[in-house]
Each structure stands twice: as structure tokens, then as C-alpha cells.
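These features come from TrEMBL:
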REGION    50-75  region 'Disordered'
COMPBIAS  50-61  compositional bias 'Basic and acidic residues'
TRANSMEM  489-508  transmembrane segment
DOMAIN    490-977  domain 'Major facilitator superfamily (MFS) profile'
TRANSMEM  590-610  transmembrane segment
TRANSMEM  616-644  transmembrane segment
TRANSMEM  656-679  transmembrane segment
TRANSMEM  685-707  transmembrane segment
TRANSMEM  781-806  transmembrane segment
TRANSMEM  818-839  transmembrane segment
TRANSMEM  859-878  transmembrane segment
TRANSMEM  952-972  transmembrane segment
REGION    979-1004  region 'Disordered'
COMPBIAS  992-1004  compositional bias 'Acidic residues'
Amino acid sequence: MAGIYITSFSALSAYRSAACMPAAFTSDAIPSNGSNAGKHEHHLPLFRHQPPEDLGKEQRKGLATAVPPVTQDATGSKGPTAMVFLNMGGPSKTDEVEDFLSRLFADGDLIPLGRLQSYLGPLIAKRRTPKIQRQYSDIGGGSPIRKWSEYQCEEMCKLLDKINPETAPHKPYVAFRYADPLTEEMYTKLLEDGFGNGKGGRAVAFTQYPQYSCSTTGSSLNELWKWRTRLEGKRANGDMDSSGAIQWSVIDRWPTHPGLVEAFARNIEEQLKTYPEEKRNSVVLLFSAHSLPMSVVNRGDPYPAEVAATVHAVMQRLNFSNPYRLCWQSQVGPSAWLGAQTSDTVENYVKRGQTDIILVPIAFTSDHIETLYELDLEVIKEANSPGVKRAESLNGNPIFIQALADIAQEHLPMENEEAFEADAQLLARAASSNSGVRTASDDSIKDTIRLRVHETTPLLAGHGNADGSEQNAAGQRAGCWSFFRRPHVFWLFPFLLLYMLGFAGVVVPKINLILSLVCRDYLSKRASQDPNFTYLPVIIGEDNPQCQVPEVQSLVAQFQLYLNLIAGILSALVSPRLGHVSDRYGRTKLIALSSLGAVLGETLTVLVAARPEQFSINLLLVGALLDGIGGSFTTIMALATSYASDCTAPEKRSVAFGYLHGALFIGLACGPLIAAIVLKKTGEIIHIFAAGLAFHALFFFMVMLVIPESLSKEQQQAAREKHRMRSAQKETAGWFSPPWLQHLNPKNLITPLSILCPPVGRPSSLFPNRKGASPALRRNIILLAAIDTVVLAVALGSAQLVIIYAEFMFGWGNVESSIFVSIVSTVRVLVLFLVHPIVTRIFHKRTAEQRAIPGSNRVELVVIQISIFFDFLGYVGFALVRSSALMTLSGIVAALGSLATPTLQSSLTKHVPHDRVGQILGAKGLLHALARVIAPTLCNLVYSLTVGKFTQTVFVSLAAVFVLAICSSFYITPNVSIDDSRPSSPLHEANEDGELDEDTLLRS
């Protein structure tokens, strides 16, 4: 909106446009030394600026965006006139810091934290309060911004009373966004002083940001608009006679006003006088302005251009007497900000021997924490050079205050009404017209506006729409709602985390529940066979040393084998079909369906834990049956991966998948720990299983009702139509062999895996292009899928055995096992959430737009190989160590290999077209389901046969599997791609089972 003249305050709603959403701009809030990923050299643009004495009256008007009052009557009326200075503000005392930060972080427009804003905002504010309080203590106990703002406004009003008596008296007001006096307080004071409430009156919103930004000017005006609507009600909204409301106008920028330029130039000249005369011309003038996130800059925010215009105007006033540069300060957070940073620039100059530098706060109108602390106590102090100084801030500079009065005077007089007529006509036209018909008046208005464009016109025009205001507002509301309903991996992450907390929280208690039940039945059976046999009673869910014998361990391993067989086989049957169906009916519905099976399974676990004397342990097998019918957690993870793939760019999918696996390992880290704490507090194991059931149920309802779908209705409809046509063709071609009979063929159970071995030289399910897959592409898909399955299979096969093995070898109980799981999972979380994004950012390489299938890059392959090597070392440790501490250390080493799975999955999706991701991940889900059947079966079988003899056999075998995986990874070719052109005939496109339709015809 930078290039639009606002003719009435009702038009302030335009500041909410997509091009003008406020960003995380802290003003007098939080100085930061955070890293800046967007460090750039700034070459200032040429900007034609006439000296003050050469500027005519008409030309000077453009130096501030002139905005007329709402009505002719208000324009012609006498005073009083309220002059309202708008700024972000700052705490005047250290005990106001927490309230200030709380308001700052509660502003979703300024610092968007999503639906958790009301929870995270206060937490962040409270955590940062002590540090910020110390900083304010170092500059005198508070920010002087209120003192200077009130002084500047009062002095300006005194001058206005003299030079513009038509609108006198001028009453000074200050409104801050996040500190006293708040905008609400200012507006209430206006009403108390006789403005509004049916009395009318004129008020000017004078933003104290010389250069316009959506993050400062836009944010302050949005706040003012909000309180005007709330406090003046129907008059402000136009629902009744608006003449009794306060008639607002706006001054929103003045980057090259001669008075502003002169004030900056004088302060620089005064500071230059402190250097020896022979050095003055070599002193570097380093203009420093508050930075902006590059995401805001890339949306077209005019702030950088207007700051550069101010710098150039000042240098032109100084006749370019000194070398100069524009840099940026106060970056916050890890994202890319406008650079280069002021601190880095000064450091580099000093290192090169340039120690005579004057810092000029070019975007600030008074001192506050950014100047007094960040520049004076951080930048200058750390430079440790007497030649690094700062020019005085504008503060009470009389030239600056005169400039403020000049800007206001040019804005106010009634004789300038005609200067705003064209703008009023243009806005009225935009508000009332819904057609695209052009008239002569349209052309005259455009000609008038065109004549008023000169060097002070904003460098970046707004992206407003000339459509009707009501339609535009509705579109903005819809756009805002669409933003909050936009699918993203972070929509799924918190609820998946809850699911994993419930899943992981019952892992150790469930193992010990099974151990107790099996041990009870074993000891009872042995006692019935041998009357002389006695044993201690088995307490369900507690530590029972009498159960730590090889016979019980073997029986527990066998029962775990049965559980995994039932759930794994059913999951293997269901998972690939759910992957296909999710392409046609959406991801969230199928995720909810899978989670429903887990809810029913956990319900039976609660029954067994609550009444172990009434319900048999075999009821747990029924629970595994229900869980398997839903596809189990492997299907949920596969569908969640598809969801993330739908709404994430290819180059960022690895990180997105890392977040999903991070949710898994956060659950594994925190779930057992929470369970151990609850057990210690209550002593009742039933509470753990009830909590797990509640988390599973909550995940089901959230996915079903809250999380937005990642596939649009159009995508789902297109996939359904394509599936319908293929089904019709198959039914017509195969009438001798009905489809439902074909599905009963055992061969068809593994048919979906055929898409992982696409044919070379002809179209297939994954590659419906003319030539199909290349040999390297097929080899990569096979190897990536195989290695991914092996890595997961080892994790699934050994997850419970590691706990059973440690309890048998080292006498661990619930608490020790839970701590072990928590430590190992915490390391996995750190690897996935810290190491993985850093590695991706450092070695990120954007996918070329012309390559529909980019393939995995060399960095991903190296990450895969290193990760698997850490897994190998960890399992070698499990086999060799003989102490609890070393056992934990081995688990930590194995956890360092957590990057393998998300990187393998991301690499796999880069080898197929986007519209086939659901199929490839469905096939991967089938492999994972098969791995869940085979791996635990083999591992439990090996353990049951070797426990008490060579108990470490299973870990030695798994370490050997990792060696094979590492060797296989060296046969993956990086950066393979294919031609994505489609076949001319639909008969040459493969079906969802990986077969060509013509093959189906022949087989029928």
C-alpha cells in the first residue's frame, strides 16, 4: 500500500492487504545479535533530491503522503486539532519490560505464532524478560522514547499554533503499540478531551517512522483502526451519521523531507568535527537502520528503498564528502534478514584498519534501546576503537522539530483542499464502482495522479485492487481464513506428537505387563505340575525379580512374536491399499481411520490392565488384530509422510519428514519418562494405559475434524476419475475373471511392490512417460526402498528386545528402562530437530525447475551412509558392553543415526513424479508392514533360542545387516532424472498395481 494516498481513515483497512502484513519488527523491543542469512552489500540508488531552498511548495507536499480529512466540514472547521504521534514504544522502567514483551509477543500480525500464540507468547516474554531488563538497566533503567516523543509532539504543536492558527489549538498525543501510553489509552483520552462522541473534531495520525514499512507504520495504523472501531462504534463504521466521529487523516511517511535531511546532516557534521581535520574526509559514514526479514522485503515492502532514499538525500546534502554505506541492525531469529549487519560491518572495517567510523541511526527519530544499547554498548564497545563513534540522535533537535511542524502544516490548511481532490475522487471511485467501464473522468483522474508523481513518490507502489471495498474486504477475510486452513507439516506435528506420547508412554509398561502376565501363568503352571515348587506372588506391572529367568524371557519373546505377526500381517495387507485410497479421498480421513484401530486396540489393553484376573492375556492379541486392521502406526507414519510431501517443496521434504520422525522420538523420549513419573506418584499402571488411550482418541478426533486436508478437492476428484476409468477398463477386459476374485489371489498381496521395480524403456505406474525409467533410476528406487526397509526393520525388530535384554542382563526395572528410552529418544530428537535442519540449510541445493524428477544429491547419500554407520557402531556396542552406563552410551551412538530414515524417504520421493508420491509411499508402507512382521519375528525367534546361551546373537546379526546396507548405498547414483513427457495413448499408462493396462488385457 506504499503508493496509495489514503483519503479517509476508513481506508486504513487497506493496510491489511497481503502485501502489507506486519512482520517481526521490534523497534524499541529486542536488540539481537542473531545470525543473518541474508547479508548483502547495499549500493544506494541515485535519488534526485533538490536542496531545501530549491523546493517549491507544490513539490514539498509530496514529501509526506498528504491525506485530507473525511468531510468538507471537518476540513473547514477550526480547531482544536489532535496531533497523534504513533510509534512502537518502549518500557520507561525495568518493571514494565515483561508487560511490554507480553504485548509484543501476543501480536499475531507482528510475531505470528499460530494457534499457540496465547500460550507461547507469554512463555517467550517471561523467558526473555530478565535479559531485556538488564539491557534497559544498562541504559538508565528504561527507554527514553516516551520522553522524547512527548517532547517532540508538544514542541511541534507549539510551533503549529503560531504558523497555522486556522487549525489551532493543536493538542499533543502519543500512542504506542506495546508500551504506555497504549493506543487504547490515547483514544480514550481523546474522547475524554471532547473529541468524537457526537462532537466531531479533527485528528491527524502522524507516524514517527520517516520511512514506511508494513511492520511499523502499517502495524500502528491497524491498531488505531481497531480502537477507533471499538470505541466509536457505529459512527466509525458509517452505520450512522459519521460527522460526530473523530475525522482522521494520516501522515504515513516523509523519508526525504528537507528538514529531516538537514537535521541528520547537521548531527553528522557535528560529529565529524571531533576528528582531526586531516582525517575527516576519510571517516566512513555508516548509516544503520532496523532490518526486516527477507520474507517481508520480498513481498514488496518499500522500507529498504525509502531508507536508501533518505541516505542518498543526506549524502547529497553533505556533497558526498565521505565514503558511506547502509547497513542493518536488530535481526531476530535464524531466518534470513536484510543485511549486511551493522555489527559485522563495523567489525570488518576495523579488521581492515578502517577505525574512523560514524554510526548514523538513519531510521530512528529518537534514542531508545537500539541506539543506546545495541549501537553504543554492543557495536561501539566491541569495536574497541576510539575512532568508532555515533552521531547524535534527532531527539530534541530544533531543526527536526521544525521539520515535523512543516510536514503537519502542509497537511492541515484548508486552502490545500484542492490538492487532495484527485485522491478523494480516486478513492471514491474505487469504493463505489464494481465495473471495469472506463469513463472520461477515469482518464482525468489518472492524468491528475500521473502529474503528481515525482521523485518523492514512493519507490514501490502498493498492490491494491480497485474493486469494491466490500468485495475486497471479503476477499481479505477469505484469504486470511485460507492462510489458517492451509495444510502444513506443523498442523500435523503437534497432534502426531500427542499420538506418539500415548504410543511410547505405554511401551515399557506394556512390556512389563506382558512379562508379568506371562510370568504369572508360567509360575502358576509350574506350581500345578510340581507341588513342591513355591514362588513369590507376581505383582502385575511391577518389578518382579522372580521373572528374570531364561524360560520366562523366551515365553515373552514368543508372545511378542505373536503380537507382531498378527498386527504386522494385517498392516501389510491394509497399508498399500490405504496409500492408494488416500490419493483419491484425502490423507486426513485415512489417517483417522488408521488411528481408530489403535484406539480400539488400546481400549482392550486398558481392560486387561484394569482387570488382569478377569481378562486373559490373549485379549491383547485381539487388540493387535484391531490395530493391524487399521494399518497400525506404520501406516499412520506413511500417510503422515504423504501429507507432508503434499504440502512441502521437494528440497525441503527431508526436513519436513525429519519433523515427523522427531515427533515419534519426542514421544519416545517424553512418553516413558512421563509414565515413570506417573507410576512413581500413583503406583497404578492403569493410569498409564488410560492416558495412552486418551491421547490416541484425541489424535483421532483432531485429524478427523481439525487438521486441514493436504489434497484439494480437485486433486481428489481427478484421482477418483482416473481410478474409475481404469477400473471400468479392467472390468470390461476381464469379464471372465471378476476383479473381486483377482484380489483373492495371494500374488496380488505383493503386487503393489512391483511399482518399486519399474520397467526400463516403456511406461509404468510410476513413470507414465514415453520411455519409462532409466536403469539408474530403477536401481536407485530399489536400493533406497530396500535400505529404508532394512533400517526400519532393525529398529522395529530390536526396539522391545533392547529393553527385555537390558532388564535381563542388568536387572533394570520400569524406571531404568524408561530413563534409557528417554535418553536415547532425546538424542534422536536433537539430531532430527537441530542437526538435520542445519545440515539441510548448509548443503541445500534448490531443485532445478525444469527437472520434474530431480533425484537425490550427493550430500543426501553421504548423510545416509554416515547415519547407518552410527547405527552399526551402536549395535556392536549392544553386543559387547557389560555395564548399564556403556549400554546407554551404545544407545546414544545408535541414536545419532536417526537422519537415515527421513533422508532415505525424502530421496525416494525425489525419484518419482509428484502425483505418484502417494503410490510410492504406499508401497513403502507395505514394505514397512512386511518388515514389522518379519523383523520382530526373526529377532524374537533368535532371542528366544539364544537367551541364556549367547544372548547377544541378535545384536551381532543386526550389526552385520547394517554393514550390508552401507555397502549397498554406494551403488546409488546421485542426480538421476528422466524425460517427463506422457504417452500418447492411455493404454500405455500403467495402472495402480504397477501393470500396463495392455498387460492386464493379455492376462485376462
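Every residue, even glycine, has its Cβ placed from backbone N, Cα and C.
Of the Cβ pairs linking the transmembrane segment (952-972) with the transmembrane segment (685-707) and spaced 6 or more residues apart, fewer than 3 are under 8 Å, so the two regions do not touch. For the transmembrane segment (616-644), the list of distant contacts is 487, 489, 492, 496, 499, 503, 514, 517-518, 521, 559, 562-564, 566-571, 574-575, 578-579, 582, 587-588, 590-591, 593-598, 600-605, 607-608, 653, 656-657, 659-660, 664, 710, 905, 917-918, 921-922, 924-925, 928-929, 932: same-chain residues at least six beyond its ends, Cβ to Cβ under 8 Å. Contact count against the transmembrane segment (685-707) (Cβ pairs under 8 Å) is highest for 590-610, out of 590-610, 656-679, 781-806, 818-839, 859-878.
Of the Cβ pairs linking the transmembrane segment (859-878) with the transmembrane segment (656-679) and spaced 6 or more residues apart, fewer than 3 are under 8 Å, so the two regions do not touch.
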